[in-house]
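Listed in TrEMBL for this protein:
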| type | residues | note |
| --- | --- | --- |
| COMPBIAS | 73-86 | compositional bias 'Basic residues' |
| COMPBIAS | 134-149 | compositional bias 'Basic and acidic residues' |
| DOMAIN | 4-62 | domain 'Tudor' |
| REGION | 52-109 | region 'Disordered' |
| REGION | 128-149 | region 'Disordered' |
| TRANSMEM | 212-232 | transmembrane segment |
| TRANSMEM | 258-275 | transmembrane segment |
| TRANSMEM | 296-314 | transmembrane segment |
| TRANSMEM | 326-346 | transmembrane segment |
| TRANSMEM | 414-432 | transmembrane segment |
| TRANSMEM | 452-470 | transmembrane segment |
| TRANSMEM | 482-501 | transmembrane segment |
| TRANSMEM | 552-576 | transmembrane segment |
Amino acid sequence: MPSRKFADGEVVRGRWPGSSLYYEVEILSHDSTSQLYTVKYKDGTELELKENDIKPLTSFRQRKGGSTSSSPSRRRGSRSRSRSRSPGRPPKSARRSASASHQANIKEARREVEVKLTPLILKPFGNSISRYNGESEHTERNDVPHKNTQEKFNLSQESSYISTQYSLRPRREEVKLKEIDSKEEKFIAKELAVRTFEVTPIRAKDLEFGGVPGVFLIMFGLPVFLFLLLLICKQKDPSLLNFPPPLPALYELWETRVFGVYLLWFLIQVLFYLLPIGKVVEGTPLIDGRRLKYRLNGFYAFILTSAVIGASLFQGVEFHYVYSHFLQFALGATVFCVVLSVYLYMRSLKAPQNDLSPASSGNAVYDFFIGRELNPRIGTFDLKYFCELRPGLIGWVVINLVMLLAEMKIQDRAIPSLAMILVNSFQLLYVVDALWNEEALLTTMDIIHDGFGFMLAFGDLVWVPFIYSFQAFYLVSHPNEVSWPMASLIIVLKLCGYVIFRGANSQKNAFRKNPSDPKLAHLKTIHTSTGKNLLVSGWWGFVRHPNYLGDLIMALAWSLPCGFNHILPYFYVIYFTMLLVHREARDEYHCKKKYGVAWEKYCQRVPYRIFPYIY
């Protein structure tokens, strides 16, 4: 798979043949055989250039002088002077004072910088997107208007230009000019600070989840909805016609002992996380170039947890206690989640700017929900990474086991029902797969984009264990007999979903890890200006998110063993569909912002989003 540095449609600087001058050009195409780029200059001229004759825009924006086409006498370090004059004597034509001459230089620098650099920022080619062509990701996240970006850039270039002018004046005049330079620099710095301050606030339309009102309703609505759902499920007839269900007294929802058991569970998982077993890998690069290290021992933690649970059962520990106090455990987990979210927000107020999440906005309510700090850590203990896969995901399997034992006790069964066995087996496979492929978590949006706040804390610690186990919770009080032919069809559906889910994720992770892997040479790609490639064949040429498609098929297989007497067991499928559609929309937004023209080409090649043949 030939490597290339620049993408089609990208705006760069190309060297004019036979000279050292670079001009703004657009990449039209690339010949993988000759390794030549076909480029188009602003006057319409099309030429073929080598990769060495092309440079990104950022390499010119960081220069401290004027344009590369400036005359030698204007370049930094130039010492050319007339032979007919003494170096210490000003020319005859310069009869003005030092101050007037200096002001003229400032005006000249302003004109030159604005004339030469304004087209570079304000007039991109065709459908190229100027946000990703030569600008940093920090500018993208804050979505600063181009006009203000140009103003700040002109000021900084002007300051740099003035400071690099050569001087042939007497020392007394140089001292005066230094004083003037100092005053000018202070004035420019002050003006730049004011302008920067004016453009930094995040606009409300950039906020997700309906902005501040939306996240406020979510934070209060989700816990209430969770408890109403569990109360409905415990009714003899869990019909929506019986809504609202009888509400228990407050003292029936809280028990200190239950909260203590939940804390013990959380601390045991912390202990397993800190064990020096499993390999250590690096995450994706942060904004400052650092790469955090993560220990991959989630599968070992699952094995140790299974051993502890098995030993407890052998000792006669009554796990039915969890089922009979299920609402109290849900409330205890919710209280712990709120306390953790408050701690995360308070500590984020002291976090450096580089440690903040790209999704944070500066609004206290929104940042409390979405998470202000990207990777909150206590030493080497990563709070977000730990909560993603440990207490909630492993707790989900434990709760399913509790429901299986509760079904046998309440329904007086010698063995669990086939429906309960299917639900437990399917979801156990899902959890084991996630823990076995733990490294794939490091490239997800949760880790690289979203901060750690109420959204992820509640989702990981409350929603996953108490909602994802909902089918097993339903079967305890509402048994359903499944025939073996029906069970066989459900198993085939589950396996089809799993093959799509695992195949798509494995292909993506292998490509991200080593794009040059010979096993992936048959895959077609689209090159992007970020240096990364987008897969347009294999699973990722079928639909844009084949892993989401596999996930939804598996979710349906989890619900089918519960039968069709009530819609309640299918709540998970309905919710999960809405979740993935929303998540897909977020992915689309961030990918379009990051990859620009390349993403538009990818969408043309792969028009279907999650479901094939449905746009």
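Yeah, the Cβs are placed from backbone N, Cα and C, and that goes for glycine too.
Here the transmembrane segment (258-275) does not touch the transmembrane segment (482-501). Their Cβ atoms form fewer than 3 pairs under 8 Å, with each pair 6 or more residues apart. Note: the stretches the transmembrane segment (552-576) and the transmembrane segment (452-470) are in contact (3+ CB pairs below 8 A, sequence gap of 6 or more). Comparing 296-314, 414-432, 452-470 for CB pairs under 8 angstroms to the transmembrane segment (482-501), the maximum falls on 414-432. Packing against the transmembrane segment (452-470) from elsewhere in the chain are residues 215, 218-219, 222-223, 226, 229-230, 233, 326, 329-330, 333-334, 336-338, 340-341, 344-345, 367-376, 383-384, 387-388, 391-393, 395-396, 399-400, 403, 427, 446, 569, 571-572, 575: each is 6 or more residues past its ends and has a CB under 8 Å from a CB in it. Across the domain 'Tudor' (4-62), DSSP assigns 8 helix, 28 strand, 23 coil.
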